[in-house]
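**Q** Could you have a look at this structure, given as structure tokens, before my questions?
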Amino acid sequence: MRLPALALLLAAGLLRTQASPPARSFQLDYEENCFRKDGAPFRYISGSIHYARVPRPAWRDRLLKMYMSGLNAVQVYVPWNYHEPLPGVYDFAGDRDMEAFLDLTAELGLLVILRPGPYICAEWEMGGLPAWLLWKPDIVLRSSDPAYLAAVDSWLHVLLPKVKPRLYQNGGNIISVQVENEYGSYYACDYEYLRHLLGSFRALLGSEVLLFTTDSTQAEELRCGTLQGLYATVDFGPGSNVTEAFGAQRQVEPKGPLVNSEYYTGWLDYWGEAHASTSPARVARGLEDMLQLGASVNMQVVSRYMFHGGTNFAYWSGADFKDQYKPVTTSYDYDAPLSEAGDPTEKLFAIRTVISKFQPLPVGPMPPATPKYPYGRVVLQKYADLLDVLDMLCPSGPIQSQFPLTFEAIKQAHGFVVYRTQLPRDVLDPAMLGAPPHSICDRGYVMLQKEYRGTLERDGQTMLPVTGKAGDTLDVLLENMGRISFGANISDFKGLLGNLSLDSSPLSNWQIYPLAIDAAIQQGWPHAAPPKSSNGGRAGPAFYTGTFETPGITWDTFVKFPGWSKGQLWINGFNLGRYWPRRGPQQTLFVPGSVLHVGCPNNITVLELEGAPPAPFLLFLDQPLFNKTLSCST
């Protein structure tokens, strides 16, 4: 299953040994139940890190700390949607420069277990699949649906040629490559799909690379997630019986190395639930038990292995569906051995001690925690209500439709869309504005005549009482909180999926505004524009701005939102993600020092969705806060 803590991969051999192995080889030895690297028995102890959750300037620091922890490999996901935002449009620059990240791992002496999907889960938006796949509403994801396979093939023909020169047998440091991810947990159980992927990976990467799968220890999942020609590995956490868990792997792989591809060193957080944690002693004990069996291990933070989790910047956090929709927090700290800010924790040193019992540690000290700075209090001013700047945020104007259209129908992947109509009649006595079940995806902020009336929520409140006159303007700002990343519900359409009604009478004649907020902010708005005149005390969606200067340093920091409700934060045009202190548990957002400036003002833009405090300010701290979970109804 997942993407986010410490992933210790247990390995003993993925390709049958040859009589005369080549000078550089990484193979499975089925006789000795081990991996062989250049002909010699080999075990890897790896940890997961997601380059998409770590700013590029911090890559070296995080990887070096992983190396000094005693790891000899890292496990790396490739999120398809991070690199192909639109069909045929590819982005491998800056923070998305996967090749630079892989080359850095090689420079630091780390081997790589690569997990290129096409589906990855990782608690990442839609499990790494691009939202534009849903432009075809009836597409069957993760299956042999021709439309899906065509998109996958196009992507793999771009991605895998970048990988091939970096394979171990070709002189690089990638020792194995995973095909799909925890496919046995998906309802489709489509062997034709797995066979298609196997053929594509072999055609594009060659016959020598070790290809593998990962599934839970459940027999049914191993049945649907494994395929001849792909070495089957398992994942489980510290609470599992190690012997029984590897016994499940032995049911599908009677010979070969034992491998735990996702050893959960922690767990992820959902908005509205308690901050997750796993004791260092428990994690260390489970790791030692596996290593004593000769297994290879990858340490992850939750159902998604993390040695270092990082941050779900912008709109990249995913969601789960467990009886209800459960969006993942912006922080992907997951109680990992390296914290969200990259700091070594007690858990890291406990793991390092265990590793030292089985292999020598690198010589030298562990790099220290990155410096933090409490920049203090920064006063903000209201710039404008969101509805007063629609011309800036949607310059092409609204889309006209008799009934609401989904985000996917109007080709809006992330963020926000305004749905506007008029009351068809006078409503002197309160009438119920309502939505069909499961049709608010995911939160709808309701304004009537620009006055905020309340919030509709997926799996929550879906009705509000309203009064007004015929012709009054009704606006609903829809927020996408992240597409489901695991399970059967990953075709997670966003927006208004059904029509709103007034006392059961459907509303019609909608104007739909897809908002390009990030594009406007990256072009200097709103700091380069004069403030709009607006009702300073009005609740509801509004933009706030402010600036601060650093005292000659750009150190990492954490920003707290005293009295704020829920929204999005940008500093110097960089989208730092969602804040939601009313819901919790996360109370601060991580601000990497690399986004800050020295010698000029740092521009802050906040989109508050429900209501800012009367005297709005932000507070910059030198440590994060994860408070008790607050009410899920706020």
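Each residue, glycine too, has its Cβ placed from N, Cα and C.
This is the feature table in TrEMBL:
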ACT_SITE  Glu182  active site, proton donor
ACT_SITE  Glu262  active site, nucleophile
DOMAIN    35-357  domain 'Glycoside hydrolase 35 catalytic'
DOMAIN    404-515  domain 'Beta-galactosidase 1-like first all-beta'
DOMAIN    541-599  domain 'Beta-galactosidase galactose-binding'
SIGNAL    1-19  signal peptide
**Q** Neighbour count first, Cβ atoms within 10 Å, every protein chain included; then name which of Glu182, Glu262 tops the list of active-site residues.
**A** Glu262
**Q** Using C-alpha atoms only, work out the spacing between Glu262 (active site, nucleophile) and the residue listed as 'active site, proton donor' and round it to an integer in Å.
**A** 11
**Q** Could you tell me the mean pLDDT over the domain 'Glycoside hydrolase 35 catalytic' (35-357), as a whole number?
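**A** That region's mean pLDDT is 94.
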**Q** Over the span of the domain 'Beta-galactosidase 1-like first all-beta' (404-515), count residues by DSSP class, listing helix, strand and coil in order.
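**A** Summed by class, the stretch gives 0 helix, 56 strand, 56 coil.
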**Q** Can you count helix, strand and coil residues in the domain 'Beta-galactosidase galactose-binding' (541-599) using DSSP?
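**A** Once the DSSP states are binned, the domain 'Beta-galactosidase galactose-binding' (541-599) shows 3 helix, 28 strand, 28 coil.
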